[in-house]
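Asks: Shown below is the structure under consideration.
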Amino acid sequence: MTNAVKKGRKKSRGIVRRSAKTIFAFFYGMPIVWIILTSFKQETDVFSTQSSLFFSPTLSTYRKLLTSSLFESFTNSIIIATCATVITLLVSIPAGYALARFSNKTLGIGLTALIIFQMIPQTATIIPLFQIFNKLGMLDTLPSVILADAALLTPFAILLMRPFFRSIPVALVEASQIDGASSWQSFSKISLPLARNGIATTATLIWIISWGEFLYAVNLILSPNSYPMSAILAQQVGGFGIFWPGLMALSVLASLPVAILFIFTYRLLREGLTLGAVK
């Protein structure tokens, strides 16, 4: 096969890849464009064919939404997502390390249990959690949602952390123990620093999922004034219809923290998830 033929095939494959990426970007990007455009429309212009792309933009919907109650919902979402992430990491990091470094029948059963827990529908846990938090006097409080989110995401975080710790060479840990380091020192001074990309990746994913979690937020918090952003979105759907400009504007505002976080952590996420797939 001549070099010209090889170059031609390589060029053809490149064109196919770029075309596929363009098509996927179009189909994924169009809903986002529609959401942003709709947030600047009047309600009468939402389904008008004449004003689908060309219309007089207005900020009236954003002016109505930007109130103190919206900022309170933002604060509640930040508190829930951050606290749930911290609790999840405190449990999943040592658990993931144990599952990666030690091998026995008990840990094998634990790993199987984690996989089974991941298959339990979230809706099946609503009533038990509601009754538990009601008896504890924690219903209609942010800690109830924080603990529920942490319980939901901990198995996922453990399964995500395990490959990162498995990718660390065992020889490094054993060498530190030969030099006199205890198990805790090997974990805290060797394994944790080497797994920092994995920890940051897991923390980012857990925070994003907790930010958008809806089911626990709307069922465990009974006062609309204490709703996070995910539950506030549902209020735009009423018995007489959907206020589309408000729903789309809220969607844009609720997506901003996630978009900003993704922009700053995209490279970290890509490298971390790739590293976690080594073993």
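Any Cβ shown, glycine's included, is placed from N, Cα and C.
The shown structure was predicted, so the numbers you read here are calculated from the model rather than taken from an experiment.
Copying in the features that TrEMBL gives for the protein in this structure:
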- 21-40: transmembrane segment (TRANSMEM)
- 74-265: domain 'ABC transmembrane type-1' (DOMAIN)
- 78-100: transmembrane segment (TRANSMEM)
- 107-130: transmembrane segment (TRANSMEM)
- 142-161: transmembrane segment (TRANSMEM)
- 199-222: transmembrane segment (TRANSMEM)
- 242-264: transmembrane segment (TRANSMEM)
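Show me how these features fit into the structure around them.
Replies: Using a Cβ-Cβ cut-off under 8 Å and counting only residues 6 or more beyond its ends in the same chain, the transmembrane segment (21-40) has close neighbours at 46, 53, 55, 57-59, 61-62, 244-245, 248-249, 251-252.
Here the transmembrane segment (78-100) has Cβ contacts under 8 Å with residues 107, 110-111, 142-143, 145-147, 149-150, 153-154, 157-166, 187, 191-192, 199, 202-203, 206-208, 210-211, 213, 217, 228, 257 of the same chain, all six or more residues outside its ends.
Away from its own ends, the transmembrane segment (107-130) comes close to residues 98-99, 139, 144, 148, 152, 155-156, 158-159, 162, 215-216, 219-220 of its chain (Cβ-Cβ under 8 Å, at least six residues beyond either end).
Through the fold, the transmembrane segment (142-161) approaches residues 76, 79-80, 83-84, 87-89, 91-93, 95-97, 99-100, 114-115, 117-118, 122, 125, 129, 133, 195, 198-199, 201-202, 205-206, 209-210, 213, 216-217, 220-221, 226, 228, 276 of its own chain, all at least 6 residues removed from its boundaries and within a Cβ separation under 8 Å.
Nonlocal intrachain contacts for the transmembrane segment (242-264), taken as residues 6+ away from its ends with a CB within less than 8 angstroms of a stretch CB, comprise 35-36, 38-43, 46, 61-62, 64-65, 70, 77-78, 204, 207-208, 211-212, 229-230, 232-233, 236.
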Asks: In the same chain, who gets a Cβ under 8 Å from the transmembrane segment (199-222) while lying at least 6 residues past its ends?
Replies: 77, 80-82, 84-85, 88-89, 92-93, 122-123, 126, 129-130, 133, 139-142, 144-145, 148-149, 152-153, 156-157, 160-161, 164, 192, 228-231, 233-234, 254, 257-258, 261-262, 265, 268-269, 272-273, 276
